[in-house]
């Protein structure tokens, strides 16, 4: 019988996601034209569906929008080739890329002519695709990938690394350690690229492990940071699980695994309305379960301001 639900804090929307959503809303509010968004604005189906209801059209490729259309790039960023293609077609361009992802792009442009670059990230992820479009890079996802680069890296040319902003802090440390062992001459950046929100949400989950039986992560299946939260929780609490919506909740799973104290967190692209719906359903299953903010939690205080000019 579930007795208590501890809420992790921070959880849910990060500053970059809020920035991207606000960006689209502001462009739409100031335009009478059809607004197109390339790819999912953030990796959450509920957010995308709500925008569709408000008239936003989502496309996977620029070819799906007419010449001269207003197109906004998602929070994950795009490669320079995509930007150039939009310009060639006379499109009005809005860039809702998270400022922390933009920072990684700037770093890539700065060093692309002087350094060999290893990119720590997930193949096929929208953010990785966009960043790797800035320069020639070697993608690594595992320790084995690093070993395979031995014959590809020139020891006589400077080497450094960049990383996807939504990675597991612990796993990335292991990869960086292996890079250092394999390539002792590597230049370490003064600061890693994992964003504050990813780090803080993982730290919040780690703090709860000794006080819970399992962690419930709310997030989309294609949300990298949500999957990292689940992996982190399962290392200590194997019965931890993830749902995308309240419909995914299973009372039987909680009962069968004898979960009495449940931690709850949400990925950085998960809206609060989903969190509220899932808590409500848990309370229907277990009316006597107490819902509490986990002691020692802290708020997410970062905020990004929208630029004065939204379209170029």
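Keep in mind that glycine also has a Cβ here, set from the backbone N, Cα and C atoms.
Swiss-Prot has this to say about the protein:
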BINDING   14, 98, 195  [4Fe-4S] cluster binding site
BINDING   43, 76, 125, 165, 223, 224, 225, 269  (2E)-4-hydroxy-3-methylbut-2-enyl diphosphate binding site
BINDING   43, 76, 125, 223, 224, 225, 269  dimethylallyl diphosphate binding site
BINDING   43, 76, 125, 223, 224, 225, 269  isopentenyl diphosphate binding site
ACT_SITE  127  active site, proton donor
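Around residue 76 ((2E)-4-hydroxy-3-methylbut-2-enyl diphosphate binding site), the same-chain residues at least 6 positions away in sequence with a Cβ under 8 Å from its Cβ are 39, 43, 97, 98, 101, 125, 126, 127, 130. Between the C-alpha atoms of residue 224 ((2E)-4-hydroxy-3-methylbut-2-enyl diphosphate binding site) and residue 195 ([4Fe-4S] cluster binding site), the distance comes to 13 Å. A separation of roughly 14 Å, to the nearest angstrom, links the Cα atoms of residue 195 ([4Fe-4S] cluster binding site) and residue 269 ((2E)-4-hydroxy-3-methylbut-2-enyl diphosphate binding site). Here the candidates are the binding-site residues 165, 223, 225, 269. The one whose C-alpha lies nearest to that of residue 14 ([4Fe-4S] cluster binding site) is 269. The binding-site residues considered are 43, 125; of these, 125 has the fewest other C-beta atoms within 10 angstroms of its C-beta. With a cut-off of 8 Å between CB atoms and residues at least 6 apart in sequence, the same chain places 13, 14, 17, 42, 43, 44, 47, 75, 219, 220, 223, 225, 226 near residue 269 ((2E)-4-hydroxy-3-methylbut-2-enyl diphosphate binding site), listed in sequence order. Other than 43, 76, 125, 223, 224, 225, 269, the residues of this chain whose Cβ falls within 8 Å of the Cβ centroid of the isopentenyl diphosphate site are, in sequence order, 42, 126, 127, 166, 220, 222, 226, 267, 268. Under a cutoff of 8 A between CB atoms, and with a sequence separation of 6+ in the same chain, the neighbours of residue 165 ((2E)-4-hydroxy-3-methylbut-2-enyl diphosphate binding site) are 98, 100, 101, 104, 127, 193, 194, 195, 198. For the recorded [4Fe-4S] cluster site, residues 14, 98, 195 set the reference point as the centre of their Cβ atoms, and the other residues of that chain within 8 Å of it by Cβ are 15, 16, 17, 75, 99, 100, 101, 165, 166, 196, 197, 198, 268.
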